[in-house]
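Chemist: Dumping what TrEMBL says about this protein:
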- 22-49: repeat 'ANK' (REPEAT)
- 50-82: repeat 'ANK' (REPEAT)
- 83-110: repeat 'ANK' (REPEAT)
- 111-143: repeat 'ANK' (REPEAT)
- 144-171: repeat 'ANK' (REPEAT)
């Protein structure tokens, strides 16, 4: 039926569809429909009413094969904070795939957070280590400040081992040491 509608002129990029046609096929894990829609001109980086792309939808569904297919079809790995979404889900395999397609490990989202900060806020030590090994900047977006606020000495040590600056200031002109004292943290 989908093919018949497309052959008859149905628009795979219908602007009046708030949830996105390609998004719906991704959400239903229908690779066959995704291929068909893309072959009929569906925009692989189309934004839906929630400002997400089909790639973000595939990440949300934890569908590694769909993520790979969309990337192979030209989806932008840095569009709509894809890496942040994969990090927040704790999915290292998705992160590896996105990074292999050029996702920026230091991309800053609308909350002024990098994927590394997202991992720190989630207390995900394995993801933090993976991102640092992948080249994430430990001095970007006040990573050490966030680890101190979380009271995570282990994360602080990991950040130190990758060159985190102990004397960097946050927006309130506070160093990590000042934050630790404020919160009476025994790091």
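Each residue's number is its place along the chain shown, starting with 1.
Every residue gets a Cβ built from N, Cα and C, even glycine.
Could you place the listed features in the three-dimensional structure?
Modeler: Here the repeat 'ANK' (22-49) has a mean pLDDT of 95 out of 100.
With a cut-off of 8 Å between Cβ atoms, the residues of this chain six or more beyond the repeat 'ANK' (50-82) that come close are 20, 22-23, 25-27, 29, 31, 34-35, 38, 44, 89, 91, 93-94, 97-99, 101-104, 107, 109-110.
Tertiary neighbourhood of the repeat 'ANK' (111-143): same-chain residues 83-84, 87-88, 90, 92, 95-96, 99, 105, 150, 152, 154-155, 158-159, 162-165, 168, 170-171, selected by CB-CB distance under 8 Å and a gap of 6+ residues from either end.
Remote same-chain partners of the repeat 'ANK' (144-171), defined as residues 6 or more beyond its termini with a Cβ less than 8 Å from a stretch Cβ, comprise 117, 120-121, 123, 125, 128-129, 132, 138, 177, 179-180, 183, 185, 187.
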Chemist: Looking only at the repeat 'ANK' (22-49), what are its DSSP counts of helix, strand and coil residues?
Modeler: 15 helix, 0 strand, 13 coil
Chemist: How do the residues of the repeat 'ANK' (144-171) split into helix, strand and coil according to DSSP?
Modeler: 16 helix, 0 strand, 12 coil
